[in-house]
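Participant: In case it helps, TrEMBL gives these features for our protein:
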- 19-120: domain 'FZ' (DOMAIN)
- 82-106: disulfide bond (DISULFID)
- 147-476: domain 'Peptidase M14' (DOMAIN)
- 446: active site, proton donor/acceptor (ACT_SITE)
């Protein structure tokens, strides 16, 4: 936690010179005021909120703890100032799951202007106006702090970003890690929480391997950047968000990150003698999850199923179901959560951000020959996968250049992209699973040779990758899209759309809409559904088309006839068979005490107060209660900040 030591004095209220006890809260002395949870909260609030709403929160809070007096009469702070502060800062408290402090209740402890109140922020505003008047006018810009974020700080940043841009963003959890940490996703779209007809959905995933941390940081920065730039009127960002539904999972393996971060912390300790040993361990420490499972080897191996059946003319290679045998193995809760997520939304494309090299790889990752570790193993969509990989590599600052002395130089002949199995083969990968189980096409982006770069490298890496990330988001608007309807105009869910020459179909979403990534040129598309007619259309996509072409289909209802081959090939019923033995139901069950009461998990910031030796301030919990007795007078830890300096005292 980064703390700024700022003392806020009653002198800030320049036209008042005295304070009076008891204060508004009933504290009878300075000692009692400084021994309460209210004072402790103001001491640590800058760190808790990462500097947001600081010093405003402290100034207003201090105006309650140490209200000025005139003619031996207490002057309350203005209610209008409190209400404005609550409106501007409530989202910051919600982001860390903290209730609005009771002593900042605008109705109870503040006064209207006609009652003779004072504005505790007037002095600060005056100084800001003087400072701003001396600056030359410039365009507003996005400000990002390029430092590493702990898991708690990451959650807080993402929640605060979503609250700040609630009109285009919200956060949701897809599950929990082995050790119970949230797998938190932040979404950006002009209608958060809803799929819109014909709007493509795209996901970005970071930190699948806990010790590969750059992708995690880049996605946190990207979330902040999208929010800020949209608000500032950046037309490119507004166009991306207004026409795309973006899902960002910054950390798929927060447990592994904890291990990796502690390893790096130890390696930087000057008292440790074996520095090289620690750095070497850092290459692998934290890679796996808390069960010691490599998440990128833990997905169902559908690629082997594809290879076994690819010569069968009738075998559908899209939406291959998960074999029941998979569930008898060890399935990580992180893998389970991501699989459910992938199945629940009609994702079109995806990128998984890794570290250790500088290259973009694409499926298949598992070799088509079991004895060949490095063998070109293309999917039916080899050309579009190459184009997706090229989109990121070419927009990256150095990934595709021909410098042979740089990180990733071994891939310079391919200009920074490679088929995954040609690089090295492995089964159970997430990208192959995306492709064979859903419509989604996922690439793997290796961001650099240093898996855990120094903090000084974070800003340069953001500059190297920002354009590549934005270009990748924009690239989902290519190929064709459309709606498959019946003759009554109703969308048909689960219809298949095929492209002649590419043996991989896509299926329609809930309302009948579909997206098919294809390169420019002439294509013949065919749409069909069980119990409906088959319709084909010839489509030409020019090279200069900068958006997806729209191709809609209308299918006529036909009588359903039994097909003797139905049982031989994948069907919707078998695809829907997910976790048939309910192996993971227990992960979603709440913790219940012996009395049958569901136990509320304390938020991460609770330790600030529980270790202070004072009565726990339950009024800070979302479902807590207001204090009903006098303030506790135990001595607070001397490590906190001192937010209010009392100028002088008068006891009445």
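Keep in mind that glycine also has a Cβ here, set from the backbone N, Cα and C atoms.
What's the neighbourhood like for these features in this structure?
Facilitator: Within the model, the domain 'FZ' (19-120) carries an average pLDDT of 86.
Packing around residue 106 (disulfide bond) is summarised by its Cβ count: 19 other Cβ atoms lie within 10 angstroms of its Cβ, all protein chains included.
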Participant: Give the distance between the Cα atoms of residue 106 (disulfide bond) and residue 446 (active site, proton donor/acceptor), rounded to the nearest whole Å.
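Facilitator: It is 51 Å, counting Cα to Cα.
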Participant: Quick one: Cα separation, residue 446 (active site, proton donor/acceptor) versus residue 82 (disulfide bond), in Å?
Facilitator: 48
Participant: Based on DSSP, tally up the residues of the domain 'FZ' (19-120) by helix, strand and coil.
Facilitator: 54 helix, 12 strand, 36 coil
